[in-house]
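Trainee: Annotations per TrEMBL:
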- 21-40: transmembrane segment (TRANSMEM)
- 46-67: transmembrane segment (TRANSMEM)
- 74-91: transmembrane segment (TRANSMEM)
- 97-120: transmembrane segment (TRANSMEM)
- 127-148: transmembrane segment (TRANSMEM)
- 160-185: transmembrane segment (TRANSMEM)
- 219-237: transmembrane segment (TRANSMEM)
- 243-264: transmembrane segment (TRANSMEM)
- 271-288: transmembrane segment (TRANSMEM)
- 300-317: transmembrane segment (TRANSMEM)
């Protein structure tokens, strides 16, 4: 293979942001596998999946919002509240298990609707809107639960295996959700209008795109996915925790989206990229733990990873603008 041919092959590879992130994930996996014989064991791979799955599901909603020019800081606290809503419905009101889960996820849709309406109708920046919702949801969770964890209701144990208790259940849900919403983003009018809204909101509106409807819908999707993730995690750990979720996993989901190539300014991004971003974060967190690196350093490394991802995105965008990548 000539140098020119190799360069062209590399440029074709760089056309796909996901390929760059996949190479990083593979490189990290190879390194940590060489550094620790425990890395490639089934038990450790399950552990990685338990980190990747919730981050990937939350990142799916964040990608849709970020592409459309918005963000949701409250999803981590919807994640915490939803399992309690399921618990209250089952334990105190005798609601059937599956209906209780649907109601908990529907509550997420209501929260997303409120976020969307306040943002697009009252013209409050989504950062401010969802920051306020973050504190509101956290307050509701702590007050109603008295800040005490509760076990999964006995009536719900029949579905627990399928909703997170099985070793690979949650990652299976995550992959299905990522695939479904990637199709929505890339193959449907909703996805096209989401990209158009974030790329040029004024132009999209003039072209007939119902910009407000797109944004509100994406707020609802993001919050529903937050609620679903919380329910899945509760079944996985067999407990409903008032301090679960929170800002930590929310920022991890945004980081996964950014590392996966989603532009913070809106207008571009992919959900598959966010999944790969979550995989990179999961491998990093697990691998550093296996090789004995202090967990406190993870945020430092995460910050560096986000900065490098942003630099790479800017570089690739410039190459495409110049026509170097075709």
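In case you wondered, yes, glycine gets a Cβ from its N, Cα and C as well.
Whatever TrEMBL says is automated annotation, not expert-curated.
What you see is a predicted model, and the numbers here were worked out from it, not measured in a lab.
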Trainee: Counting Cβ pairs under 8 Å that sit 6 or more residues apart, are there three or more between the transmembrane segment (271-288) and the transmembrane segment (97-120)?
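Mentor: Between the transmembrane segment (97-120) and the transmembrane segment (271-288), which are separate recorded stretches, there is no contact, as judged by 3 or more close Cβ pairs.
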Trainee: Hey, which of 46-67, 97-120, 160-185, 300-317 has the most Cβ-Cβ pairs under 8 Å against the transmembrane segment (243-264)?
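Mentor: The stretch I would name here is 46-67.
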Trainee: Tell me, please, if the transmembrane segment (127-148) and the transmembrane segment (74-91) are in contact, taking contact as 3+ Cβ pairs under 8 Å between residues separated by 6 or more positions?
Mentor: yes
Trainee: State the residues, same chain only, that lie 6 or more residues beyond the ends of the transmembrane segment (74-91) and have a CB under 8 A from a CB inside it; answer 'none' if no residue qualifies.
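Mentor: Distant Cβ neighbours of the transmembrane segment (74-91) are 54, 58, 61-62, 97, 99-101, 103-105, 107-108, 111, 115, 130-131, 133-134, 136-138, 140-141, 144-145, 150, 152-153, 155-156, 222-223, 225-231, 233-234, 240-250, 253.
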